[in-house]
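Everything below concerns the one structure shown next.
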Amino acid sequence: MATSHILLTALLALVSWQAMASDPSPLQDFCVADKYSPVLVNGFVCKDPKVVSADDFFMAANLDKPMDTTNKVGSNVTLINAMKIPGLNTLGISIARIDYAPLGENPPHTHPRATEILTVLEGALYVGFVTSNPENKLFTKKLEKGDVFVFPQGLIHFQFNPCANKPAVAIAALSSQNPGAITIANAVFGSKPPISDDVLAKAFQVEKNTVKWLQAQFWADNQN
C-alpha cells in the first residue's frame with residue numbers, strides 16, 4: 001500500500017511538473033545552440049562549450065532603430081530569439097521590438113509557448129486580451145509611455161496605436177526561447193491549403209461569398 005501511494009504521488013508530481021513546464025530548464029550554465037547539428041531535439045543541440053565565445057550571446061540587433069511599418073496592418077515585430085542569439089537556447093526568454101505606424105496595430109494573435117510582458121517606449125497603445133471559452137472576457141487598457149502590461153500565455157491579444165499622427169514603439173519580453181506567433185486572421189483565412197469555405201461559413205455564420213472574399217485578401221505578415 002505504501003509503495004503504491006509513493007508511486008501515485010510521484011506520478012502526480014511528474015504530471016503537475018509537465019503541466020506547469022514551458023521551455024525545459026537548463027541543467028548547466030548554458031547550452032549554446034548548435035544550429036547546424038543534424039540531431040533533432042526539442043530546441044537545439046548544445047554546442048561544445050570549448051568552442052563557445054561571447055559572440056554566441058550577442059547580436060548587433062539595432063533595436064534602437066525604427067523599423068519599416070509600411071504594410072497593411074501598420075506594424076513591425078522584430079523578434080530576437082534562440083534562432084538569432086544561440087546563447088538563448090534553454091534559457092526560456094526572448095525579446096521583441098514592436099513598431100506601430102499612426103493607427104497601426106499588432107493584430108489579434110497568440111503566443112502558444114509564452115507569456116508576454118510589454119512596455120511602451122514611445123507614444124501610446126490601446127491593448128487587450130480575451131480569456132478562453134466560455135467567458136471570452138475582454139481585458140483592455142490604454143497605455144502611455146513607460147506603462148507595462150502582461151498578456152497571459154496562449155490567450156488572444158492585440159496592440160493598437162490610437163494616435164493618427166504619431167508612431168509608437170514598445171519592447172516585449174516573452175517567456176520562451178521560441179514563443180511562436182499565430183495571427184488569427186492569417187491562420188483562419190490565409191492557411192495553405194485554405195480551410196473549407198463550408199467550415200468557415202458555418203463557424204462565422206456568414207455567406208460563402210464573404211469567406212471567399214476574406215480568403216482572397218493578402219494577409220500581411222508583420223513578423224521580422
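The backbone N, Cα and C atoms fix where each Cβ goes, and this holds for glycine too.
Predicted, not measured: the structure shown is a model, and the values here were computed from it.
Per TrEMBL, signal peptide is recorded for 1-21. Annotation source TrEMBL lists disulfide bond at Cys31-Cys46. Positions annotated as domain 'Cupin type-1' by TrEMBL: 61-212. Positions annotated as oxalate binding site by TrEMBL: Asn106, His111, Glu116. As annotated by TrEMBL, Mn(2+) binding site applies to His109, His111, Glu116, His157.
On the structure: features taken from TrEMBL.
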{"residue": "Cys31", "record": "disulfide bond", "Cβ contacts under 8 Å, 6 or more apart": "Phe44, Cys46, Lys47, Asn89, Thr90"}
{"residue": "Asn106", "record": "oxalate binding site", "Cβ contacts under 8 Å, 6 or more apart": "Val73, Ser75, Val77, Ile98, Tyr100, Phe158, Gln159, Phe160, Asn222"}
{"residue": "His109", "record": "Mn(2+) binding site", "Cβ contacts under 8 Å, 6 or more apart": "Ile156, His157, Phe158, Ala181, Ile182, Thr183, Ile184"}
{"residue": "His111", "record": "oxalate binding site", "Cβ contacts under 8 Å, 6 or more apart": "Phe151, Gln153, Gly154, Leu174, Ser176, Pro179, Gly180, Ala181, Ile182"}
{"residue": "Glu116", "record": "oxalate binding site", "Cβ contacts under 8 Å, 6 or more apart": "Val150, Phe151, His157, Ala172, Ala173, Leu174, Ser175, Pro179"}
His157 (Mn(2+) binding site) CB neighbourhood, other CB atoms within 10 A: 22
Count of other CB atoms lying within 10 Å of the CB belonging to Cys46 (disulfide bond): 20
Local confidence of the domain 'Cupin type-1' (61-212) - pLDDT mean: 96
For the Mn(2+) site built from His109, His111, Glu116, His157, further residues of that chain with CB within 8 A of the site's CB center: Thr110, Ala114, Phe129, Phe151, Leu155, Ile156, Pro179, Ala181
